[in-house]
Structure formats: structure tokens, C-alpha cells
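The structure under discussion appears below in the form of C-alpha cells.
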Amino acid sequence: GGGVFLQGWAGGYPEIVKENELFERYYRELGIVPPGEWDAFMAALREPLPATLRITGYRSHAKEILHCLKEKYFRELQDLEVDGQKVEMPQSLSWYPEELAWHTNLSRKILRKSPQLEKFHQFLVSETECGNISRQEAVSMIPPLLLNVSPHHKILDMCAAPGSKTAQLIEMLHADMNVPFPKGFVIANDVDNKRCYLLVHQAKRLNSPCIMVVNHDASSIPNLQIDVDGRKEILFYDRILCDVPCSGDGTMRKNIDVWKKWTTQNSLQLHGLQLRIATRGVEQLAEGGRMVYSTCSLNPIENEAVIASLLEKSQGALELADVSSELPGLKRMPGITKWKVMLKDGQWFEEWKDVPSNRQTQIRPTMFPVKDEEKLKAMNLERCLRILPHHQNTGGFFVAVLIKKSPMPWNKRQPKVHQKLPQRTGDTEVTATNSDNGSDCITEEPILAENEESKKMQGLQNSDAEQSKKEGVCGPPPSKKMKLFGFKEDPFVFLPEDDPLFLPIQKFYALDPSFPKMNLLTRTQEGKKRQLYMVSKELRNVLLNNSEKMKVINTGIKVWSRNSDGEQFGCAFRLAQEGIYTLYPFIHARIINVCIEDVKILLTQENPFLSKFSSETQKKVKDMAMGSVVLKYDPDPEKPDDLQCPIVLCGWQGKTSLRAFVPKNERLHYLRMMGVEVFKAKRKEEELENKTEEEVHPKLVQTEEGMDVEDKEHDLVTKMEAEIGEEPSQSPVESSAMEIENKIEDSDQASKSAATHLSKESKGTDTSNVKD
């Protein structure tokens, strides 16, 4: 089933007939559609899904983008006719806060193919690439909204790829842009190593130091430990998003394949996995915490049956939250309380005792509704919500919001925590072993306060492990312990307290004493450190305490890049644009305030001479040493027609010139916001070559950021986004002519590492379980 994603809109595929007799028989019988609405329901399923987009909420630029969309791009669509169809004005989704989500009557295919829409399409692709908007299905925006996230929440996203919901969660952590390091974080997990790179790509656009991507089977994701005032405690999450793999029959409008492939078999096969994942989720939820369970399926076997079984075995530890007053404007159906089970040959069963023994592996007791009326009533299954496609022109979807009142009954009597104490190896990587190998982790969820045994255990500290912790290395798990799939990630090495590398940086940029240098990390253990990344203090705690049981794919945002030219001016590291908004509050030197005209020059010219800038800027630059600088634009409220949001750019001051170091799409973004026309219609022959600005300097692609994991990922991400049905994106490469000479030697190494990575990418992925 690898082709599921492509077919809906790659070539129209007229031969797929949108009929499935079994589907109709099944859902008519279950009565999930209100009387009299069946034909409208079926008709909606046969229509293509409207394109929807969401504006990244926390950016100071959100208002500017919204303004730009409404005043410019939407206006230009107003009187268009495409393929004989009149383009309607895009509408905001009434239930999404602050007009940040929009839908158009354009199908995604028309949007990509029609020349009249090319400008709008280029805008979407480019703004998506810099993380200012996300192309996301309307229904998929619901679960994060119902999680009710605050910036201090520890969040687990259990089945996170391809990552549009994860992006929403990250935004909620950064609700206040003035706090560079929120106390909360998101751990985004996916079982599929390749799809984890989609997550990395999605998260990277948002430049947050509070996200970590990990690669585990969600049904046995390990318990993590954190250090709380010198004691080891198990990490419980305040919020968990449990968007499980499902049969995806709510996605028929975009995954046309589902029409011919649909049978009840899929849901019977997935029910057990869905229940195991949800169970593992509630175990790791803090008391008082919220977990949202969701699927893009309409089937009660994957939905109410899973929730009812979970509630039943929780014996009162969980309850469904009543969210009927949340998201006003969203049309929803209540959860159902009665359903039957159907085999793929059309045979129905009303209760478990009717199932013949030869079918009892396929059909399980947990698939049937609860018989006991009292029990059923207490469950409040009607608090679940089902979204039907014809109500608001969306996909089909199911959501349940669970609240944890007390520990799960099977965790009340805690077993002893068995732990072999860490063994020191010659290497400084942390390689402790731990008897919790996933299979028995369901029984092991110590509620530490109630458990004397575990307190004793915390007292036993092993000095070798401590030593290794001090050196701050969080390596990948040793291979004998856990099979590593995909390519082995480099370790995450925190910068030692007394690293001589840091002093010149601190001095050059006059970093504030409050700067949390403990949180700086690199990905190299030996040799020159090329990139410095940063995570929040809370994620550092997670990384350092769990290296042996957690397979981390990526974390941290890049804040500095090595630049050999800088050395002679006193600092070998230049600022990286992706981390600048996090770093800026701590920088007190090398800041040049620029006016709007200066910004335009910086963004439109490759390496402009100083003489082109305003006299104020020239004055400021005169007294500064060469090297990396921060270019800051502050809006003037006296001039409301100018751009009204602050901009921070990384730049480089040469002898006679001043330039910005900004990836291409971000450059275009700022120019658009300033009202500069950046649209260039593609010529046919250009389309064939599909040249991007970067390819004009082919060397840069390899040399710049040569050691970075992202470049290895990029081809893969593009390939996979095609499968998932989002646009492939051009990876912007920041580049400096000054650096090229010094970097040629690195390029060999970079291309080697990329090659080894790609050669290991031969494993096929099965994408038959549709998500987003």
C-alpha cells in the first residue's frame, strides 16, 4: 500500500469508481449519519477535499501574514474562473481561534496545476517552507485545540508523523513570543524511522528549542526519567496526543484508493494496536492530565470500542471530558453507544458470545459495546465527537478527550523497579542497561511518592554514571540493547562547563550573564565542533537522563555555525538565522538597527556595498569589527504603512559591504510582508530544470553546513512529502561567498555521509495505515 497517497491527485485517476457497496451497507446499518442525510453524506465523500491552510499562531508575523493574505492574495483570486469553476473567496474556519485557519473551494490539484493560481501557489509553498503557514486538513487541527495546552506543559505526541499536529502543539508552547525558553516541551514520537524525518522537517520550520523527535513503537514507548532536585523520578506528561494509525476511511476524499480497498478487515486488525497505544498513553499521563485520542476513521470499532474498553479497564481512573462547549462553530455528532461487528464477508455479530471459535482471533471481546446499562451510562460515550464530511465540507474524523483522575489500577501496587546499575565503558557515552526492555514496561509505572522501594533506589547513585553525566554526552543506545533502524544518529554532546570554545563567543556577542550556556550542545564527540545547537533546560534534563532507553532522532535549534574567517576578528562562530529569535534577547553587542529601506537592500542584493545604506547604518558600522552581526528592524508606529512587526536578521559585515544571511524562502517572506512583489512566473524550460537559487552555486549545497544532519534528510523528506501529498520543498541554503574557500575540504566528508545515509534507506515503508 505504498501508493495510497499519490493517487488521489497525481493524474486524476478517473478509473477509480467512487462506489463501495459494503461500505454503504456497513455505515447505514450502524446509523452514524442522521436520518435523511445519507445522500448528502455520500455526495460529500465523492467531492475532492477543499484546500485548507493554517497560519502559525505565535509568530509576531501572524497578523502581518493574515493581512497580506486577505488584502492581497485573496483579493486577486476574487473574480477568477479556473476550469470553468468560479473561485470563491476563501473563508476562515468559524471554529478556529483568531481567524488563523482558512479553506478555499479550490481542490489541491487545481491549486497546483492552474497557471492563474501560480502566484498564490508559490506564496503557499514558500511561506510553508519558512514555517509561517501550514497546509493542514481542517479536521486534523481539532485534536491539538482540544488538548488545552499551556506553555509549561510536558507533552507527548505518540504517533506524530507527518507532523502538522506537532507543529500546532509547538506553537501553543510559544504562545508568548517574549519567552525564548518555555518550561514545557513536546516529545514527538513515530514508529517509522523514515517518517521521523518528516517530523524533523516540520518542527525545524518553527525553530523551537523545546521539541525532540524520537523513534519508538508507541505501544511500548519507554518510561523516561528526569532529575527532580537530585532525585530520579519518572516523567509523567501533562498532555498526550494519541492520534493512532487507523483505517483512514474518513480520508476517502483525498485518498481515493480507500474506495476500492475498504473492507471491515482493516479496523478489526487495527483495533488491538489502537487499544495498546491508548493504554500506554494513559499510563504515562500525570494525574489531572488530558489525553486526546483521535482517528481519521468513522468506524466505531476503532473509536468508541477502543475508548469504552479503555474506560472499563481503568475502573474509574479515567473519564471522558465534556467538550461540547469548546470550539463553538464546529458541527459534531455525539459518540454512539450501540454498534455491531461485521466480518469482511458481510456477516454481523451483536455480541461476543455469538462469535464462532474459528473467528475469535479476528474478532475480540473488546470490540463489542458494554452490555451493562449502568456501566454504559457512567461512561458518557456521547461525549466523544464524530465529524461528518457533509456538515462542514471536511474529512471524516473522531475525537475523544480523556482526563486521568488517579493512577491506573494495574499500577496501584507498584512492582519493585529492577535496575542494573550503569556500567562504565571506556567511552564517555552513557551506556547503562536497564531491565525495562519495552515488553514489561506496561507493569512498571512507579508512582514514586507512594513507593518506598523506589526512594531507596534513588539513593543508590553510581559515581561512574555521574562522571559520564558530567561530561554531558547523551549517546544513542548501545546496539545490543536495542536494534537501531535507519542510520545511527550522532550523539548529543552538551558543551562542558569550562569549554574554551565558549569564551570568545561570549565576549564577541557580549552575551548576558543569564545566558543558559549549559543548554548548548553539539553533535560531534571528536574533532572540531561545527554547529552549536540549543535546547531548553527541561529537554536537557530529559536527554541526559534517558540516553540508554531513548532513540532520539533530532532535537535543538542551531544557534551558531563555525566560520573560519571569523577567527581573525575574534570569533570563529557566526550566528545562525534559525536560532536568532531564541538567542537575540541575550545578545548585547554586534547589533545594528536598520530602517525599512536598509532591510529591502539587505534582502534584495547579494552583497551590497556599505555606501548603499542609510547614513545612520553606515555610522554604526564604522566603529565595528568585521564579522557576524545582528540586523534589527523595529517598526515605527508613526508610519502605519510600513511593516509593523519587528525583524531580526543574521548578517555579515565585511570590509566594504554588509549582507544578510537568510534562507531564500525567509527572504521572500519578509519582502512580501513589506509589499515587494517577489513573484516570478516559471518559464517552461526553467520548470524542466527546476533550478533554485542555490543551484546557481552548486558547491554551496555541499559545502555550507556540510556536517549537518538536515542535508542528509532533505532528499528523503522531499521524496516522502510527495507520498503524503504535501508539496516538496526546496531546502534553503544559507551561504557566504567568504566561507566557500575554507569549506571545500569539508564537502567530501559531507557527500560521503550523505551517501552512507542514502544507501541505508532501502527499506520500504508501508503507508497503508493512513494518517493526515
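One is the number of the first residue shown, and numbering goes on along the chain from there.
Backbone N, Cα and C define each Cβ position, glycine as well.
TrEMBL: automatically predicted annotations, no manual curation.
Since we're looking at a predicted model, the values are computed, not measured.
What TrEMBL says about this one:
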ACT_SITE  Cys296  active site, nucleophile
BINDING   Cys159, Ala160, Ala161, Pro162, Gly163, Ser164, Lys165, Asp190, Asp217, Asp243  S-adenosyl-L-methionine binding site
COMPBIAS  428-440  compositional bias 'Polar residues'
COMPBIAS  758-772  compositional bias 'Basic and acidic residues'
DOMAIN    41-405  domain 'SAM-dependent MTase RsmB/NOP-type'
REGION    410-476  region 'Disordered'
REGION    721-772  region 'Disordered'
Quiz prompt | Maximum Cα-Cα separation (Å), residues Cys159, Ala160, Ala161, Pro162, Gly163, Ser164, Lys165, Asp190, Asp217, Asp243 listed as binding S-adenosyl-L-methionine | solution = 20
Self-check item: Pairwise Cα distance for Ala161 (S-adenosyl-L-methionine binding site)/Cys296 (active site, nucleophile) [Å, integer]
Solution: 14
Quiz item: Between Asp217 (S-adenosyl-L-methionine binding site) and the residue listed as 'active site, nucleophile', what C-alpha distance do you get in Å?
Solution: 20
Practice problem: Ten-angstrom check, please: count other Cβ atoms within 10 Å of the Cβ of Ala161 (S-adenosyl-L-methionine binding site), all chains counted. | Solution: 28
Exercise. Calculate the distance in Å between the alpha carbons (Cα) of the residue listed as 'active site, nucleophile' and Cys159 (S-adenosyl-L-methionine binding site), and round it to a whole number.
Key: 13
Practice problem: Let me know the model's mean pLDDT on the domain 'SAM-dependent MTase RsmB/NOP-type' (41-405). | Solution: 93
